């Protein structure tokens, strides 16, 4: 089924299309472009998509959206004043024509994991369109909406922010039936200034909420009352909370885990407790499951089917996935949580590492990249992580980053110190040499710290031994 036709493109952009075509996908990056994609030549401070128009055509683009013609292009070129504004417009039309139940997710942590858990659960009930990776900003949201399939029963979209004022226009573009806030934490606090400001910005997710919509909020947050007040200003038909608080509508009652799975017990209101097995290891990752249960309740989905779907959910790559690998012939556990980090998510990851069972004199090892965009909070937050590692009994700790991380590393007792280096690349060889049999290794840091290189190196080395 065509995602868009040339006639629809002509009408939306009020332009003349030089040839008929059918669009099966949307692309802004020729490295991932598939035949049949409509390519938008976006301009950024780092790159100009017009330089890749010929590459897009060669790879089978159905057409390209450009602001200036490229000589020698073999596919239709559609001229617009701004390819970025054209992408926004196509995203708006994608939303307008959709009959799907639309879900918007924001929060300082857990957006992508929640999206993937919800996607997996809802796929048991019909076609789901969802944001790819963490496409949640001013270009990622319209791109995801432009990709919203015509026959989708559900659409799930992340909403991120780095600065004040970014959430409202994205929420108003998505116009969700259901708006979710996962957590309020000091992510991007360097730009936002205070947690209060972060909470205010996250609450803007309700600005686009449709009349008689649904709000799902964290019950355990210090900002729960504030978020509830902001949500109620938009008159949702239903408002549910999740968490461990007694007041939570969907409540985590009990949690136990080993290295292979968790057993999660929850209750909805005063109803009987129910338990399911869950392959996402870490108490904090149960929030995504609680949110999925809350969403299913509001959407009137069968709870037994929802639980069965949760029990088949696989860990999300780079977000706490536990790998069994082999180095120098010895078994190692790798907890890859390297996609991103802030104080709350890093403390949760350290806690998860501390609670994993050690066998045969193995060690718990934390490899931590810098948490970025913290501004004046950088020293305090990294020192809090260092202290948590000591309190939780982490055996050996490696830090990579700048001055704030170096100061935090100096707080560690010598017996716990692994190494401090300025870049993740410098850690790879020492880690490969120093890890021993039955060690459990956590890799965690902001995306910009590139600590994911360490996790990738460990997995690659293990595969080479197979």
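Using the three backbone atoms N, Cα and C, a Cβ is placed for every residue, glycine included.
According to TrEMBL, the protein carries these features:
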type: BINDING; residues: 107, 108, 109, 110, 111, 112, 113; note: ATP binding site
type: DOMAIN; residues: 22-70; note: domain 'Mur ligase N-terminal catalytic'
type: DOMAIN; residues: 105-296; note: domain 'Mur ligase central'
type: DOMAIN; residues: 330-446; note: domain 'Mur ligase C-terminal'
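Taking the centroid of the Cβ atoms of 107, 108, 109, 110, 111, 112, 113 as the ATP site, the other same-chain residues with Cβ within 8 Å of it are 105, 114, 182, 183, 345. Across the domain 'Mur ligase C-terminal' (330-446), the DSSP tally of helix, strand and coil residues reads 52 helix, 29 strand, 36 coil.
As a summary of secondary structure, the domain 'Mur ligase N-terminal catalytic' (22-70) carries 10 helix, 15 strand, 24 coil according to DSSP. Within its own chain, residue 113 (ATP binding site) has 280, 285, 288, 316, 319, 320 as residues 6 or more apart in sequence whose C-beta sits under 8 angstroms from its own. Contacts of residue 108 (ATP binding site) defined by a Cβ separation under 8 A and a same-chain sequence distance of 6+ are given as 182, 183, 184, 185, 186, 187, 188, 198, 202, 342, 344, in order along the sequence. Cβ neighbours within 10 Å of residue 109 (ATP binding site), excluding its own Cβ and spanning all shown chains: 23. DSSP assigns residue 110 (ATP binding site) to coil in the three-state reduction, outside any helix or strand.
A sphere of 10 angstroms centred on the C-beta of residue 111 (ATP binding site) encloses 24 other C-beta atoms.
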